[in-house]
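Asks: Sharing a structure, written as structure tokens. Questions coming.
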Amino acid sequence: MPPQPWPAPRAGAPLRAEVTVPGSKSLTNRYLLLAALADGPSVVINPLQSRDSRLMLDALTVLGSTVEHLQDWEDSGVSAVRISPLPALSGGAASDAEHSPAAERSSQASRASDAGAELSIDCGLAGTVMRFMPAVAALTGARVHFDGDPEARVRPMGAVQHGLRDLGVEITGPGAPAPGGEGHLPFTVHAPEGITGEEITIDASASSQFVSGLLLTAARMPRGLTLRHIGESVPSLEHVEMTLQVLAQVGVKVSTPAKHTWRVEPGGIPAFNVRVEPDLSNAGPFLCAAVVTGGEVTMRGWPIASTQIGRRWTDLLPAFGAQVDEEPETPTTVTLRVRGTTLRTPGTVDGTAELTPTVAALAALCQEPTLFTSVGHLRGHETDRIAALVAEIRRLGGSAEETEDGFKVTAPVTHGGLVRSYADHRMATFGAVLGLVVDDIEVEDIACTAKTMPDFPKLWAGLLAETSLPGRHG
């Protein structure tokens, strides 16, 4: 029986709150993967604890890493996780908890790999697992089967699969692509002779994760990797920049010899300790709460320099009429303060990638049209986000239409109703933002926000006052 819809809380007044969001999903899963490829145990501090990060940890455990959860890292009150290297790369799993359940699972995984048994990785709906882990699996020499949620089976996978085949990896199963064709889950990876190539060309126009997934693993390939992208521009290029920065941060030699060409040199990855930045994409709905209610939301610890696409909130929110101030805090962080004034549209919003559903909530409350461009790749995200946003805006009395590379919101929503989430965490938070100022909004399956923020309903409730905000809509 499906869960009851979540009644989106209506703001009782202009919101005034200080919010804290957990660690970045994109950074967390990159660091966890690199920790498993490192030369010794590594510690990831302030990791996101969500479904996506659990799926990544589970995948690494399947391949033989041991995972130790540390609840109070160096008495700081911050959680951390210690990851041991993959046995196939280190000659044996190293862990302070040698006889722990995690170590036993690692030993079992190593024995299964040695015996030629097939291992299985559940990707859920995590793009970072389904697109990053196949290359890691190929390094181990094990036969590894990948599958995920029903919604994950329609997400494009061909670029990773073709790229691995060009490196000498066998890709088989129902989702394995024909030559030149598109692939998807489920499929099996096996590289009995290891990685045999060092230079490949892929079409990553459907997702930057295809580039990141291969680059993250490349240092442990025998001759490193030169990767070229052909086709249309790589979407969400900020995520490739993040990958390059993270690789350099942990000591990997990486370069960009030409546009859309990347080179990673072979070599070990020194063990590392690293602290994860707050998730700036997940901060978006909370910051937008100030914009739509005419209130004020403060967030401490905002990184001054970040490769997260969520850094764009400091430009996007003023474009919609907000006042954004940055107060110095530490040499690397500021306190961000967002004040809502008069909500207005900038007219055109370009390349907002995963921020798009939250920005669309602002657009759906504006009286003038907003055109979203360079977001066509969102059709291949957790759901077809463009079709979903257009459908839900129309469902609430607004007007919107799809375009070739995005969509256009032409009239604001006028009433409440059920907002379908499509099992997509960002569609659920889209509904939550609208619910602050539109009466009678309900969100289907708010639990899907656990993908990147398990405590979202609790955190959202903490923003709100008890009285009703005089209606601007609905």
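Each residue, glycine too, has its Cβ placed from N, Cα and C.
Where the annotation comes from TrEMBL, it is an automatic prediction and has not been curated.
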Asks: Can you find which of R228, R344, R420, R426 TrEMBL lists as binding phosphoenolpyruvate at the same site as K25, G127, R155, Q209, R385, K451?
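Replies: Looking through R228, R344, R420, R426, the residue TrEMBL assigns to the phosphoenolpyruvate site is R426.
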Asks: In TrEMBL, one of 90-113, 162-185 is tagged region 'Disordered'. Which stretch would that be?
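Replies: Feature region 'Disordered' in TrEMBL: residues 90-113.
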Asks: Within 10 Å of each Cβ, count the other Cβ atoms and name the one among the binding-site residues K25, R155 with the highest count.
Replies: K25
Asks: If one measures from the C-alpha of G127 (phosphoenolpyruvate binding site) to the C-alpha of E354 (active site, proton acceptor), what distance in angstrom results, rounded to a whole number?
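Replies: G127 (phosphoenolpyruvate binding site) to E354 (active site, proton acceptor), Cα-Cα distance: 12 Å.
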Asks: Quick check for the class: what is the C-alpha distance, in angstrom and rounded, between H381 (3-phosphoshikimate binding site) and E354 (active site, proton acceptor)?
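Replies: So the Cα of E354 (active site, proton acceptor) lies 9 Å away from that of H381 (3-phosphoshikimate binding site).
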Asks: How many Å lie between the Cα of K451 (phosphoenolpyruvate binding site) and the Cα of R30 (3-phosphoshikimate binding site)?
Replies: 16
Asks: For the domain 'Enolpyruvate transferase' (111-458), would you mind checking the mean pLDDT of the predicted model?
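Replies: Averaging the confidence scores along the domain 'Enolpyruvate transferase' (111-458) gives 95.
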Asks: By DSSP assignment, list the helix, strand and coil residue numbers for the domain 'Enolpyruvate transferase' (10-71), in that order.
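Replies: Summed by class, the stretch gives 25 helix, 13 strand, 24 coil.
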Asks: Just the number: how many Å between the Cα atoms of E354 (active site, proton acceptor) and R426 (phosphoenolpyruvate binding site)?
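Replies: R426 (phosphoenolpyruvate binding site) has its Cα 8 Å from the Cα of E354 (active site, proton acceptor).
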Asks: Residues with Cβ closer than 8 Å to the Cβ of R30 (3-phosphoshikimate binding site), same chain and 6+ apart in sequence?
Replies: T128, F132, S212, L216, M242, T243, V246
